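In TrEMBL this protein carries:
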- 1-34: region 'Disordered' (REGION)
- 8-27: compositional bias 'Basic and acidic residues' (COMPBIAS)
- 42-74: domain 'RNase L inhibitor RLI-like possible metal-binding' (DOMAIN)
- 56, 104, 127: S-adenosyl-L-methionine binding site (BINDING)
- 78-204: domain '16S/18S rRNA aminocarboxypropyltransferase Tsr3 C-terminal' (DOMAIN)
- 212-260: region 'Disordered' (REGION)
- 224-253: compositional bias 'Acidic residues' (COMPBIAS)
């Protein structure tokens, strides 16, 4: 008989509290008390892959918005992790409000070095398709910083104010919303993982179709739209020159006849 996840079952049918209503112990050890952050508790396993001054997770920790975990510590809430098999959705909001949202801080280039199997969490979840807006990986799909991942997860679950509080600490934070807000709005209307994945797949399909359309217009056999415009302009110029030459020849012919 499979082992039950008691933490997840405990909150499965519990309605989430209003955003800003803090659970007992949510900001224990001083976390969040002086930062002005009023959302669900945030936590992070830090593998020291990033330069401290560039690490978004460490900045949140310095500001008192997030607590760091040792590898041996368990996070009883939801953790954004590649080990997840379901996408984060509004169905996770109650558990996150009670036990918090966690993330793994590591370098994308060294992700294979992370012992995910040793990290103990209540529930692992995947983030759906989002595009990075941080200075290092701007425009790259899924290459999010810890701050972007936490903000994205909070937004999808309906903690919109909390999500904005996380990214307002970064100069590039507004760029994340400009790049992803329309898609995040669609995700946030989904109640289940299946609905989130459906929105994601539809969005990716639309993007692929747009790329194919661009390829058709930029087909090297036919030439790009710019090349076609240039060719059309050249053809018009040739026609104008031909007409002018014909008129000159005709006038010359008439003149010769008149002189004859």
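Cβ atoms are placed via backbone N, Cα and C, with glycine included.
All annotation found in TrEMBL is predicted automatically rather than curated by experts.
Recorded features from TrEMBL, shown on the structure.
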residue	record	DSSP (3 states)
56	S-adenosyl-L-methionine binding site	helix
104	S-adenosyl-L-methionine binding site	strand
127	S-adenosyl-L-methionine binding site	coil
- Item | Residues satisfying Cβ distance under 8 Å from residue 127 (S-adenosyl-L-methionine binding site), sequence separation of at least 6 | 80, 87, 88, 142, 144, 149, 152, 153, 156
- Sequence-distant neighbours of residue 56 (S-adenosyl-L-methionine binding site) in its chain (C-beta under 8 A, six or more apart): 134, 145, 146, 147, 148, 170
- Query: Taking the centroid of the Cβ atoms of 56, 104, 127 as the S-adenosyl-L-methionine site, which other residues of that chain lie with their Cβ within 8 Å of it, listed in sequence order?
  - Reply: 57, 80, 103, 105, 144, 145, 146, 147, 148, 149, 150
- Query: Widest Cα span across the S-adenosyl-L-methionine binders 56, 104, 127, in Å?
  - Reply: 18
- Number of helical, extended and coil residues in the domain '16S/18S rRNA aminocarboxypropyltransferase Tsr3 C-terminal' (78-204), per DSSP: 67 helix, 17 strand, 43 coil
